[in-house]
Amino acid sequence: MNKTVMHELLEINRIESTFPLCSSENLADDHEQSVKVVGILGCGAIANIITNFAAEGKLGVDVNFFYDKDIERAENLASQVDGTVLLSIEDMLDKVDLVIEAASPQAVREVVPTIIGAGVDMIVMSVGALLDNELRERLDKLAKENNAKIYAPSGAIVGIDGIKAASIGKIQSASLVTRKPPRSLGISTDEEKILYEGKAGDAVLKFPMNINVAATLSLACGMEVDVKIIADPAVDRNMHEVHVIGEFGEFKTITENMPCATNPKTSTLAAYAAIRLLKSLNENLKIGT
Ligand SMILES: NC(=O)c1ccc[n+]([C@@H]2O[C@H](COP(=O)([O-])OP(=O)(O)OC[C@H]3O[C@@H](n4cnc5c(N)ncnc54)[C@H](O)[C@@H]3O)[C@@H](O)[C@H]2O)c1
């Protein structure tokens, strides 16, 4: 099915969810394009876990194309799945259904517009970059014009499904306390140290590689969450406490994440979230908001 037809079906589906009696169930059933071939932008810790799953045949899609500004990293991952290393992201665009960005906020600014502009879907891991309103609106516009999708997985945090549902009503407050071993925050200290207290937008500017969860929460609920970042030598996991109060009631979540072996700043759950999202793109029964 071509993308224009799919876009029209999506529109029909959207309109009919407002007027549910006139159902286009059969048409809407296959409105989502299946994802078969995936490329990777950024071949570090997250990409490594995703590629391992692919190598074991557990991903359900082929991860065949790899790009990293450090070519050795791309070669290393490509060798695990007999994949191909590309020297530029442009070379990937006519070969893949979707690109997973697992690189950096800078890559989201510099490279993602090219990918979306070519009508290729994306999973973006460096979600912090999307708190930049100008960039997010530009990417959203490009995605609409080129019928591409941008997916931001729940990543290293739990509660994104709940906060999305909660945001249908009024949210009074949403806060995040992130507690990490000092080495995960790139510092050394023998005692607990509050490194940041304030709104998510500023936290993302000060800790761009560490605070994607604050960005994901903020984007999910449509308001900047209150963030506290603590370096704590007493913990050996990356911990996130979320507290949301709204019209729906109240919820609290605690996530204790195992750091990735190859990058302690990154949590294994973040890679698992991308893998799960990838799988869900080809599923007919989707669970969760
Ligand atoms: N959404 C979440 O919850 C979540 C959780 C953890 C990490 N992240 C983010 O995901 C991204 C990847 O994390 P990681 O732990 O795999 O990082 P990593 O440092 O282990 O690997 C990143 C790789 O990307 C490459 N790279 C960086 N910028 C590039 C560019 N402009 N072009 C090409 N290659 C580039 C690097 O050379 C490196 O190989 C980071 O931005 C990180 O902050 C998000």
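Yeah, the Cβs are placed from backbone N, Cα and C, and that goes for glycine too.
Per TrEMBL, active site is recorded for H240. Marked as NAD(+) binding site by TrEMBL: A156, N212. What TrEMBL lists as domain 'Aspartate/homoserine dehydrogenase NAD-binding' is 42-153. TrEMBL lists 190-275 with the feature domain 'Aspartate dehydrogenase'.
Under the three-state DSSP scheme, N212 (NAD(+) binding site) falls in the helix class. Counting Cβ atoms from all protein chains shown, A156 (NAD(+) binding site) has 24 others lying within 10 Å of its own Cβ. The Cβ of H240 (active site) lies under 8 Å from the Cβ of A156, I157, L176, V177, T178, R179, V213, T253, I254, T255, N257, each on the same chain and at least six residues away in sequence. Other Cβ atoms within 10 Å of the Cβ of N212 (NAD(+) binding site) number 28 in total over all chains. Mean pLDDT, taken over the domain 'Aspartate/homoserine dehydrogenase NAD-binding' (42-153), works out to 97 on the 0 to 100 scale. Look at A156 (NAD(+) binding site): DSSP puts it in coil.
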